[in-house]
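Sequence annotations record features per position, and here TrEMBL assigns region 'Disordered' to 1-24. Positions annotated as domain 'Major facilitator superfamily (MFS) profile' by TrEMBL: 35-480. Among the features that TrEMBL reports, transmembrane segment is placed at 36-59, 79-101, 108-128, 134-155, 167-185, 191-212, 274-295, 310-330, 337-357, 387-413, 425-445, 457-476.
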Amino acid sequence: MDDYEETRPLLVNDEQTDEDRSEQDSYLDKVKNGKLYIATFAAVLGPLSFGFVLGYSSPAIPELSKIQDPRLQLSTEEASWFGSVVTIGAALGGLLGGWIVEKIGRKLSLMFCALPFICGFTIIIAAQNHWMLYVGRVLTGLASGVTSLVVPLYISETAHERVRGTMGSCVQLMVVIGIMGAYITGLFLDWRWLAIASSIPPTIMLVFMCFMPETPRFLLSQGKRREAEEALHFLRGPDAPAEWECARIEEAYNNEEQSFSLADLKDPGVFKPLGIGIMMMLLQQLTGINAIMFYAETIFEQAHFKSGDVATVIVAATQVVFTAIAAAIMDKAGRKVLLILSGVTMCVSEAVFGVYFKLTVKHNNSSLTSVLLDAQGSLAEQPPTDLAWLAVGSMGLFIAGFALGWGPTPWLVMSEIFPTRVRGLGSALCVLTNWTCAFIVTKTFQNLMDAITSAGTFWMFSGLCALNVIFTAIFVPETKGKTLEEIQACFKGTYQR
């Protein structure tokens, strides 16, 4: 007998009948989603806070670089650390989140992560020196890391399969809305008042989550059947027989190993989703999103936009629009289709970006300053062929492509594919991979350009986007319309539709 035969969910065994599916559809037809939407909104205030953290540095750094107080004035190197130290905090937050989410649950973890958000921004507001600024950024980064792990889990464990894709995509949607909110608010407020404004979303989240339920799956894992049924009654409405779903989840849970050991890495239900989740996070950062965003303001200036601040708002608005489109169609189009479409779009746009730099940069010296000066100089010498619009077009296409697939979908898939016993650990490793890779790519980007030129760098990113497409087509499962237990059965090879 197969070693894992006894651990597979009985719900989705080899003889699942049409009647089972009909019963499931009948149950979902009775579900009312109103309170589920409220719970999701309360949870995604965390990613909104996360977005404000990411967007905060863009309007704050120019002010802090020019401030008269020498204790707070940032040099170029200090500004670089002020922007990037968030990723270090977020990587640590991913590890911390993987532990606390299993110890105290999804709901309390969300409430907990509001505290470092608020404390971090409070320290920034009261900052008297560089170290207070750095500590504030690390704390908000720590909260961001916990949030990026816990919120997708909370949503995936509370939402049912008909709306889980849309609800899960709201995580990335709220992140980009937060970034845009920070950019817009930064047009009108100075850096201290911007920090005050940024502390409002996590404060509201802390209050709202007090009235939201814990996830039914976590409650059942703790043996709290009655509380799980109450949570399902809240989330599914009065007409749906929540006891049926509760029994289905409990049966699957009882037939699964209750604790994780290294021997479980032999289980395809563990090592397959772990490998896919980590690779998706790695490939997301290797799309070159940080490189494109690094160039955004300069490219808009070359295209004769007078205000770089307005340009960043335009970029953020583009992300919001296409992430919203992705959220709206996620449960109809499916995850794989959007990932492949996104990868192809980014591959083409970055190849064009490389052509732009090849045509505009005349010298082999590819330091950032010389690249931009050469590009600006060549455009000035050749006004009839203003290639800056080629860069603007390819940048817009790239951002739209990223927001449509590889922005929101890896976080959604991460929250869907892990079995209960490794959900915290697996998600923690994915978040750690994402933020560590983000830090490395950001910090080594200049060295990469020095080594293989700006055109070569973007062609390399284009090639990696092509790799994304191949990886998605071969390895990433389609999770649309499946319960979390059915997704796990797919990895074990025990699922039959």
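Residue 1 is the first one shown; counting continues down the chain.
Placed from the backbone N, Cα and C atoms, the Cβ positions cover glycine too.
What TrEMBL says about a protein is an automatic prediction, not a curated fact.
The stretch in closest packing with the transmembrane segment (337-357), judged by the count of Cβ pairs under 8 Å and taken from 79-101, 134-155, 274-295, 310-330, 387-413, is 387-413. Remote same-chain residues near the transmembrane segment (191-212) are listed as 38-39, 41-43, 45-46, 48-49, 52-53, 56, 59-60, 63-64, 107, 110-111, 113-115, 117-118, 121-122, 124-125, 136, 143, 178, 182, 185 (criterion: CB distance under 8 Å, separation of at least six residues from the stretch ends).
Below 8 A, the CB atoms of the transmembrane segment (310-330) and the transmembrane segment (167-185) form 3+ pairs separated by six or more positions in the chain. Long-range contacts of the transmembrane segment (79-101) within the same chain: residues 53-54, 57, 60-61, 64-65, 108-109, 112-113, 133-134, 137-150, 153, 423-425, 427-432, 434-436, 438-439, 442-443, each at least 6 residues beyond the stretch ends and with a Cβ under 8 Å from a Cβ of the stretch. Remote same-chain partners of the transmembrane segment (134-155), defined as residues 6 or more beyond its termini with a Cβ less than 8 Å from a stretch Cβ, comprise 40, 43-44, 46-47, 49-50, 53-54, 56-57, 81-82, 85-98, 100-101, 106-107, 109-110, 112-117, 119-124, 127, 164, 167-168, 170-171, 195, 202, 215, 411-412, 414-415, 423-424, 427-428, 430-431, 434-435. Touching of the transmembrane segment (36-59) and the transmembrane segment (274-295) is ruled out by the presence of fewer than three CB pairs under 8 A, sequence neighbours closer than 6 excluded.
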